[in-house]
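Shown next, in structure tokens, is the structure this report addresses.
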Amino acid sequence: MFGDDIVMLSRMQFGLTALYHFLFVPLTLGMTFILGIMESVYVMTGKAVYKDMVKFWGKLFGINFAMGVTTGLTLEFQFGTNWAYYSHYVGDIFGPLLASEGWMAFFLESTFVGLFFFGWDRLSKVQHLMVTWLLAVGTSLSALWILIANGWMQHPVGAEFNYETLRMEMASFADVFFNPVAQVKFVHTVAAGYVTGSMFVLGISSWYLLNQRDIGFARRSFSIASAFGLASVLSVLVLGDESGYTSGETQKIKLAAIESEWETHPAPASFTVFGFPDQENERTDFAIKIPYVLGLIATRSIDEDVKGLKDLRKESAERIKSGMIAYGELQKLRAGDLSAKPAFEAHKADLGYGLLLKKYTGRVIDADAAMIQQAANDTIPQVAPLFWTFRIMVACGFTLLFIFAMSFYYCATRVADQKRWLMRMAVWCIPLPWIAAETGWFVAEYGRQPWTISGVLPTHMSVSSLSADQLWFSIGGFAMFYTVLLIIEMYLMLKYVRLGPSSLHTGRYYFEQSAALAH
Amino acid sequence: MFDYETIRLIWWVFIGVVAIAFAVTEGFDFGVSALLPFIGKTDLERRVVINTVGATWEGNQVWLVLLGGAVFAIWPAVYATLFSGLYVAMLLVLFALFFRPAGFDYRSKIEDPRWRNAWDWCLFLGGTLPPILLGVLVGNLLLGLPFHLDQDLRPFYDGSFFALLNPFALLCGFAGLLLTLFHGALFLKWRSEGTIHQRATATVAALGPLLLTALAVITAWVFLAIDRPEITQMAAADAPSNPMNKTVIAHGAGWLQHFQTHAWMWLAPAAGFGGIFLAWKLGAGAARMAAFWSSALGIAGIGLTVGFGLFPFLLISKTDPRSSLTLWDASSSHTTLLLAFWITVVFLPIVLLYTRFVYRVIWGSVTEQTVLQDSQTLY
């Protein structure tokens, strides 16, 4: 169909720009909530230091927000520019979700972000607090809609193929909205954002405390971050476990690949903690397993088995054969032969599997056994990348749990400032939430291959009809802009972190006080 | 509630409304940042210019995002064909937009004049390139694009980026730039005092005749020299969306005939020219608000002229007329159109209401004094 290079380059561009966008999103999600909490404390207590906290952390948030806006625009364009057939094929479902995000979330956050920065003297305390919370709600609502859209790509419910328009169409909005995969993903992802914001504030506050600067300011920031961070990291982990459960129902292949589970073992399945996946020989070397655990996570029972990749591939092959029939009947239907309808309806659910064969033969119905086998092999992703990224994500999650639990405990017992080891650890662990978020998205998206819409539309069919030159032009442009912007952003961020609350020019903080002393 | 045909027509109107809202709001943001290096000479003057739109440009930009999202949701085939077909042009628009968030937000965070000057020129690029490119795009929509759909309804583009840069489209790009500069100057005049106000007034006076001339040439060109295809037969207006179920002839009766058949359509170009002319006249005097809104009326008139002229086409294919997309055969399903309709009916008023609230809160002239007073928080 299309050259593999076009598909590869399109995937590379989308993957890199989406991962890059998600460097900024989680911090925005977390920071807006933390700003809301800090400002609530300010309004309740009237203490100026809390207002300074909102303004200073707000400055850092603003530097990050600008990058989130910039890189978010790319994604809005990119479905159309690079995934045109995808846009045609599922626009009926995916489009309204993005449009809803515009109406309910983007307008809210973007309209109020200006007032958040410039409205301090023009609004009453309570009004400004409302603005901050609306900003926070806006950012999280935006995550809601985009994760419903992404959840639908993982588990496409509430939609049906229409042979007259040759695309998927919305059958039930309620099913799309209340898609269990989407709901779990939403809470897991926003909570991960809250963890990111918390770790950012916790780490930087620790750095001030270690350097004996702006103690009161940093201590208060530290304790808010530790409490909010602990609650958030617990939600992430619990909901992460919950996504194991839902993906057990709908995305068996992804789960089996994450666990490097080649064979179906008698129930209950054991959980592979560690090992070396060997794709070629389809086995896992040096595996360390814990009995029962995978069965519990994936099926919530001890008597259901968890299917291994080899069996799942056999199921794929069956569905591909059924998809060939669906495709053949579809061609008859389109030619006006309505008698093909019952057979088409019977095999419609497997049409997407039939489309997998387009990679090997344009006509689909003439595929031979070897092609079917190749297509079935395609449904099994590369195991090692998923196996490892998943474990990195989980390790980051538990390290963060440890840091937040300790910070919260020592804050509650009022000895946090004496625990220099913990504060040092908090500074060094600032990158962990980002590593977890990026690896998490890698697992979710790479693990869905070879599909853009699980079981419905293969990735190789989704791309636009472009040339490699066009793709190199855009990839070059993104590489240039994104590199330069990242350097500028990091420079500003570090500059303002070093300055600390002194950047507010209130005269109350470290550099201005030491300057005053020197005079 | 609404049958398929009606809701398809309603959505054609709604998307027009969103497109006009985008052009009116983002239009003055583009214009203001394009004028920035010229109307603001000193750093303080430039901060005044930037802060006239500083608190609201982000909200305005959402109209663009929403326009993209709404076309995706309502006319997926248009979104797919246009964005992939005009790949290089669309990415250039995107790259130009990259200059804006960082430009606004980072510029005043460091005092070094070289830093600030560099960002000012970034904002200039972010304000000039999109209106030029979008003008070129509209010009090519009127001319028709070289694309076709295959039997799976997959869009293929049969032209190149450089073919988009034909004389007619370039003139449209030039007019797009003039329009945003004119509109932006009117906004700047409204929200400033003193030197900036005077420079903005002078800009309006100088650009008005130029803009009106460019629009007149474009109009004459369209009516006299550009083909308009015609649909000779198509499926019912409530049939499932499939653009290939129609026959179209490439050389129709022409744009003039189209407007003569539907005489009420003349209201649109009348509003376009009238609004701009009035804005130019009022722009010389003290009626700041009236001048700005006249220009907004002019933009709406221009947008409606394009929409009416194309109706019922959304994208004309000049290489394979049958593949042309119309609002009757390129829309989403009935269910989706109704769903999106209700979401819009609920949220559009809410958005307008809080947008109005935000503008009321931040409204007032931006001057050198107000910028100095709030130097730490303002851009």
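Glycine too: its Cβ is placed from the backbone N, Cα and C atoms.
Nobody curates TrEMBL annotations by hand; they come from automatic prediction.
Given the structure is predicted, the values throughout are model-derived calculations rather than measurements.
Positions annotated as transmembrane segment by TrEMBL: A:20-44, A:56-73, A:93-118, A:130-153, A:186-210, A:222-240, A:388-410, A:422-444, A:471-494.
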Message: Does the structure show the transmembrane segment (A:186-210) and the transmembrane segment (A:471-494) touching, where I'm treating 3 or more Cβ pairs under 8 angstroms (sequence separation 6 or more) as a contact?
response: no
Message: Quick check: do the transmembrane segment (A:422-444) and the transmembrane segment (A:388-410) share at least 3 Cβ pairs under 8 Å, counting only pairs 6+ apart in sequence?
response: yes
Message: Let me spell it out: take the transmembrane segment (A:93-118), skip the flanking residues so only those 6+ beyond its ends count, and list any with a Cβ under 8 Å from a Cβ in it.
response: 32, 35, 58, 62, 65, 69, 76, 79, 87, 128, 131-132, 134-135, 137-139, 141-142, 144-146, 148-149, 152-153, 156, 158-159, 168-170, 173, 176
Field: Tertiary contacts of the transmembrane segment (A:222-240) (same chain, 6+ residues out, Cβ under 8 Å)
entry: 30, 33-34, 37-38, 41, 184, 187-188, 191-192, 194-195, 197-199, 201-202, 205-206, 209, 394, 397-398, 400-401, 403-405, 407-408, 411, 416
Statement: Among A:20-44, A:56-73, A:388-410, A:471-494, the stretch with the most Cβ pairs under 8 Å to the transmembrane segment (A:130-153) is A:20-44
Task: May I ask for the residues of the chain that lie six or more residues beyond the transmembrane segment (A:56-73) and have a Cβ under 8 Å from a Cβ within it?
output: 17, 20-21, 23-25, 27-28, 31-32, 34-35, 38, 110, 113, 116-117, 200-201, 217, 221, 482, 485-486, 489, 492-493, 496-497, 500-501, 503-504
Message: If we skip the immediate neighbours and take only residues 6+ beyond the ends of the transmembrane segment (A:20-44), which ones have a Cβ under 8 Å from one of its Cβ atoms?
response: 50-51, 53-54, 57-58, 60-61, 64-65, 67-68, 71-72, 74-75, 109, 116, 125-126, 128-129, 132-133, 135-136, 138-140, 143, 190, 192-198, 200-201, 221, 224-225, 228, 232, 433-434, 437-438, 441, 482
